[in-house]
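Peer 1: Let me give you the structure first, and then I'll get to my questions.
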């Protein structure tokens, strides 16, 4: 067959495509490829709507996983640039840290930085998931390595745009009473006060402080998450472990993706948290680190390789359910949107 035949997915078919192709939009069956590569299929979901669906899905997941984000931030800042055993450990694991924060700061303490976190998740993941979906509609992900590349580029774009929100979120989640404080305490009064204080002190550039750590962090996590999720979903579908087109297929694929993200992203997450939370001098330069490579070198020298995996427990406990919930919400919302469009 030399012509390109576009097969519209049935209402029951996942828009992530439980097909040999990695496309969410539609299955393409074609003969010899043109010089320019695979033909461009029509978008399954209007891009602005896809942006909104991705943002909403990740914000919904964030509400459930934010307490683990608070704990993760504290664990990653604990013993900063100090050898193991030379500092007091207020937090000794995910569950113990949750209990300490809840006992000291109350239930509201477990949701510190939630509004900034929702802002970050909405902007970053809206851009990230929407961009990745658009790359799939263009057929970029059908090429060898295209899924990884699309995920990385989409993640970098989302991380850069949403960096100010992540900066404020990190500052607020690190703040606590002196008895259990770790890392530098910025003492903001709230989200609005944090944005105003940072802007007045460091200008617009100050709002993007730490972005050099955020971009590689999200690039790694996004590439691992989206590429693994897409491949795992196809693998589960072809294995026929569960009923075809079942939501369990999405759930299993998201669980596999969560493990891959936690392992690959934690070292970058540690560096990103340190760069965001460090204090600055009168020349608006970081007092502890000069940049990504300097932070990586200092952490390795002072804390060893284990320092890059501080907070691995809560990172996994947060990322795994967050990945599962956000991917599940996004996939189901997209399926419903396609059904409505076809109806």
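Each residue, glycine too, has its Cβ placed from N, Cα and C.
The region 'Disordered' annotation in TrEMBL covers 12-33. Among the features that TrEMBL reports, repeat 'Solcar' is placed at 45-138, 142-235, 245-336.
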Peer 1: DSSP helix, strand and coil counts for the repeat 'Solcar' (45-138)?
Peer 2: 71 helix, 0 strand, 23 coil
Peer 1: If you average pLDDT over the repeat 'Solcar' (245-336), what do you get?
Peer 2: 86
